[in-house]
Structure formats: C-alpha cells, structure tokens
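Data first, discussion second: the structure below is written as structure tokens.
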Amino acid sequence: MRIQQSALLLLLLAVTSQGDAESNWNDKIKVFTVATEPTDGYTRYIRSARVYDIEVTTLGLGEEWKGGDMQKPGGGFKLNLLREAIAPYKNEPETIILFTDSYDVIITTTLDEIFEKFKESGAKILFSAEKYCWPDKSLANDYPEVEGKASRFLNSGAFIGYAPQVFALLVDPIEDTADDQLYFTKIFLDETKRAKLGLKLDVQSRLFQNLHGAKNDVKLKVDLESNQGVLQNVDFMTTPSIIHGNGLSKVDLNAYGNYLARTFNGVCLLCQENLLDLEETNLPVISLALMVTQPVPFFDQFLEGIESLNYPKEKLHLLIYSNVAFHDDDIKSFVNKHAKEYATAKFALSTDELDERQGRQLALDKARLHQSDYIFFVDADAHIDDGEVLRELLRLNKQFVAPIFSKHKELWSNFWGALSEGGYYARSHDYVDIVKRELIGMFNVPHVTSIYLVKKTAFDAISFKHKEFDPDMAMCESLRNAGIFMYASNLRIFGHLVNADDFNTTVTRPDFYTLFSNEIDWTEKYIHPNYSLQLNESNKIQQPCPDVYWFQIVSDAFCDDLVAIMEAHNGWSDGSNNDNRLEGGYEAVPTRDIHMKQVGLERLYLKFLQMFVRPLQERAFTGYFHNPPRALMNFMVRYRPDEQPSLRPHHDSSTYTINIAMNRAGIDYQGGGCRFIRYNCSVTDTKKGWMLMHPGRLTHYHEGLLVTNGTRYIMISFIDP
C-alpha cells in the first residue's frame, strides 16, 4: 500500500513539475514583429495579440523602411532588426522566439496553445508553409516532397524556435534590401543546416496558416449566437493559431478578420473600442463633398438630407460637383440659399466640363487646401435619413468608414463583401446578412461607394485614376494597396440608396414616375404626412355628408407635379360626348380631362389605389374587400369658367369614387365643389391633397358646382365599376 502511495505521489510530483516547466516555457516565449508605421493592419495585429494577453515587441516603429518595395522581393531589413533584438537571448536554450509579420497577420489563440503546437512539431525552428515557391521558383524541385494537399514551401512571414537556434539562423549577414524569404529558403534547402538547426515546415497548417493559394483549403466557422469565428484548415482539420494574408490574399484575410480574435461576442466588440470623444468646442473640420455624377430622382430630398446633418456648418467646407445639367439649377439655388451658413461653399457644374475623376480630385484638393481633418463624400444617390450620421462615423475613429446604405427591398448596397479575380464585385458569405442587418457591426470590406468619411491621414493614398476602373473602384484599389482598411458600418440605419435606373429626365416631373423603383422616397414626397394616422381605428373619419368620407391622402408636391404633368401634356378633351379614348367612343357625362393612360401613369396610379386608397376604403366601408382595386377610369378634370365651369347631375359607374382636390379653393379658384343631391349636402371648402370618397352608383347622385373664377383641378377614379 505504501509503495502504491509513494508511486502515486511521485507521479503527481512529476505531473506538477512538468506543468510548471510548461508554464515556464510559456513565460519565456518572446514575440517579435517588425512595423515601421502603425498602419491599420498593424493596429489589427496588436489588437489580436492583446485580446489573448500576448505581449509583442515591435521593431522598427517610427523608423524608415529600408527593406525595399514590399510588393517585390526584399525584407532583409526585418532580419537585421530581429538579429539585434534577440542577441541577448542567444545563450538561453529555454527562451523561445516567435516572429511574425504584422500588417497582414492575425493571432487567434493564446501563447499556451501556440507553445503546445510548436512542441508537438518536434522542431527546433518551425516555419510557416505555403503553396507557392517564392521568390525563386526554380528552387521548387529542391524542396522535400509532401503528402496530398500539404503546403510544401517555406514562408518567412511567421516562425517560432528556440533562441539559440533562431540566432544561429540569422548569423549570416543579409543586405537590408535582400529577400528574407530567399535567405531562409536557402538555409532550409541545405540538408546539413536544416538538420543542425532542427528546421521544419508546418506543412499541415497546425500552427500557421498562409492564405495565398489556400482559399479552398480553409473555412471560416462562425458561432451563430456569439458571431465569434475560427478559421479551420479543412484538408487537415486543424485550427491554426496565426493567420497570414500573404501575397494576393489580403482581401481574404480582411474578410476572415471581421470574425477572428474576438471581434464579436454576441455584439460587435470592435465597434466599442478606441472611440473618438467629440468635444463640441473642438470639433474636426470637415470637407463636405457632394457628388452628382448621374441624373437621380428625388434630388430635392437628397439636399434636405444634407441640410439635416447635425454638425456645425461653420465647421463644414461645402463643395458640390455636378456633371449633370439636369441638376445644375437646383445646385445653384441650394448654394445661393445656404452659402453663408457654411465655412465655404462652392460648386462645379456641368458647364465646367470636369469628368467624375476630376470632380472627385477637385474635392480632395480642396480638402487639403482647407486643411480639413476629414472629407465626407456623399453621392446624390445616397439619401441621409438620420442627421447623426456624420457624428457617428467620426466616433468610430477610423481612417475610412462608411455607413451601409441599400436600395429599398433590394440587396443592392454601397459596399462589396468580396472581389472577383478581376477586381470586380463578388458576393461574400456574409453579404446578405449584413445588408439585411441580421448581422450588425463594422466590417472591413474591399469596396465602398456613394457615402464615406475619410481621415486626412489617408488623403495621400487616394488615387482616382485607373486604366479600367471607374473613380470609385480606383480609389478603393489605391486604399487597399496602401493598407488602409475600408470599414462599413450597419450599427444604425442612417439612410438608403435611391434607384436611378431608368430615371427618365425627358418627362415632366420625372420623380412622379418612380413609385415602383423608389417606393420610400415616392411615399415621403407624395403622400400626406398625416396619412398613416387615419389608419388608426381610434382616429375618427370626417364625414362632410352622409357616407361621404374625407381623407388627407396626398401632399402638395403630388398635386403640383401631377397638374404640371397634365398641363405639359395639354391633351385635354373637348368636353363633348364624343370620346375616342373610350370603348364605343361615347361619354354620357363628359368633362374636360386627361386620362392617366395618356401620360403613361395608368399602372402607377392603380398601384397608388392599392397601396394608399384601399386601406382607407376598408376603414370607411366596413366589410368591403377588393384587393387590388380595379379602375378603368382614372383622370384629371379641369374646370374653368370659359371652358367647362360645372358638371350636370349624374351617377358614377363605380362601386365607389374618389375625388382628390388638386389645388386650393378660394385661392386658385372661386366657386366649385360637389353637391350630393339626395342629401342636399355640398362640399365646397375642398382642401388641396384631401380626398372625398363616396359610393358611386345608386345612392350618391351628385353634380359639380359652378367655378366662377380661376382654374379648378380634381383627380377622379371610378373604382370597381
């Protein structure tokens, strides 16, 4: 029994001693990286280390980069910095050196796990491995063979090893501009040196994952509740601890990085970090650049959104660029009205003959001239619905950040989640969830357009020139190449995109024609602001006469635009019984009118009846349901003393009729109104934008009262004839 107890005690002591030793090893891991500038990539790397309590020593910060062009072979400068930094540990066999790049690396686990994976490899020095032999492809056949889909070739972006061996690895001199990967490759391919130093490659990506050429080898697994992600190598079912976006894989790394290193924990943690505290007495100076590069509907509402910005205008330098003659007059009127409110206010119109690239460059140059802290680009298709958008973007404290805007009921938005091989749009795995706000946060994306805020530290990186790409795509490519992250936030709904497809500026009042493509904006502009209140059962419906209901339905803009459309068309009927627009060619109760079919608005008006008239009808006439409403006759009537001043008594060929007043009684005309003969009840004080709704045939025999002066317009529909 004592022997068993003694053996058990020895075993416990051994386990404890081993655990202490491993803990000591963990304490002696020294992590190094090289970064001469605190780029967005470096900030991300340091954050990923911090969340796993990893202390990193950064070499070269604030120094001039001497390693040559980062897009070409080079990087010996890194090794010279590292050699000097680890020299104090060269005789410490228990010290472990972990080196990684920083601008394109993310750490995803603790040092404990990193140490365990290194120990399991059996190497003295373990390098990351990749799919391509670079920079000297001729050396590929000299590498040892690997099995299956393993990565065969050394990558210098990350390695780990015992300090004496790592120092010995770096003992040979290298020029600052020589290639670090080639330096390590030649040592690895020397079998004698490889054996002496205990060099191995992490060919199955147990510790390190290089992404270039490995897109199909990895899968991002995201927990549906927390939104925390891990990157798995599906070929070997490993979960690498250090992810390196080498070569052309940086866009992929950015996409994965949105979920790695605890950026989420049910909510977006990244969105809560390093926020800017806005001091009202010292707010940043902003250049507000409005870009009008195509004809867009609801331009007046776009300008209203700009005016709604909750930011001191004396801190805003306004520039409006337009290459669209259709909008020039509105721009001039806006600037003339508001110029004195802004720090400066200028415009460049279509007559200045600047193309879009020149217009955007002009805005950026003006921002430099004004020494602005930021430039806020807003294209005319981006409608701001929340005036806090600028302040909220500033608080996120990024070099480049955009609110996510999308078209109503569409997946079309102002960002791309991924790129095709040619640099164009590709749909990312999370794009739909982000646009629908089923996933809420701030995301590093490869392309943004329409509305974005840029910090002055990124101004010099921006180029709008490109042989193939439009200015927005050129800008995004230049920012990607400079390592500046483009963040897109859907933390709040700040606005939306209007749909400018098929916007026809050749028709009168073209906004009116866009109900199907821009339902939100059309409703906001053309439906009465009190409309929805009338759908509440507690809201009492006005009845000026028995079973004649009175509703606020459309805005002044609806009335004015529709009257303008009709008058521009000018195809008023002659008021006789002969009417070739009707089947049979005969009108029993003729009026001077224009049918909606004549101005291309029949389909739109039927949709208007379904969306806005039908819900009111169902409130007024309980128990009658007919969806969609059917109306063969939708027309505007014009009454004038010298044309047709009144209308004789008649029944309408409808189940119910609507009559919308299109202008102002007592101001635009005198007299007029409608008399319901059976009830001897008249409505003469009609109100612009208000609708009378009454039964058609049988009960509501009525007449149009005499207009004595001016012109009266009404919009009539005979519904469900």
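Quick reminder: no glycine exception, Cβ is built from N, Cα and C everywhere.
Remember, it's a predicted structure, so these values are computed and weren't measured experimentally.
When Swiss-Prot records His650, Asp652 as binding Fe cation, the matching candidate from His595, His702 it lists for that site is His702. Cβ neighbour count for His702 (Fe cation binding site): 27 (other Cβ atoms within 10 Å of its Cβ, all protein chains included). The DSSP breakdown of the domain 'Fe2OG dioxygenase' (627-721) into helical (H, G, I), extended (E, B) and coil residues amounts to 3 helix, 50 strand, 42 coil. The secondary structure of Asn536 (N-linked glycosylation site), as reduced to three states from DSSP, is coil rather than helix or strand.
If you take the Cα of Asn709 (N-linked glycosylation site) and the Cα of His702 (Fe cation binding site), they are about 21 angstrom apart, rounded to a whole number. Within the same chain, residues at least 6 positions away in sequence whose Cβ sits under 8 Å from that of Asn504 (N-linked glycosylation site) are Pro510, Tyr513. Asn530 (N-linked glycosylation site) sits 11 Å from Asn536 (N-linked glycosylation site), counting Cα to Cα. When the neighbouring Cβ atoms lying within 10 Å are counted for each of the glycosylation sites (Asn530, Asn680), the highest count belongs to Asn530.
Within its own chain, Asp652 (Fe cation binding site) has Gly696, Arg697, His700, Phe718 as residues 6 or more apart in sequence whose C-beta sits under 8 angstroms from its own. For Arg712 (2-oxoglutarate binding site), the same-chain residues that are 6 or more apart in sequence and have a Cβ closer than 8 Å to its Cβ are Arg638, Tyr639, Arg640, Asn663, Ala665, Asp668, Tyr669, Gly671, Gly672.
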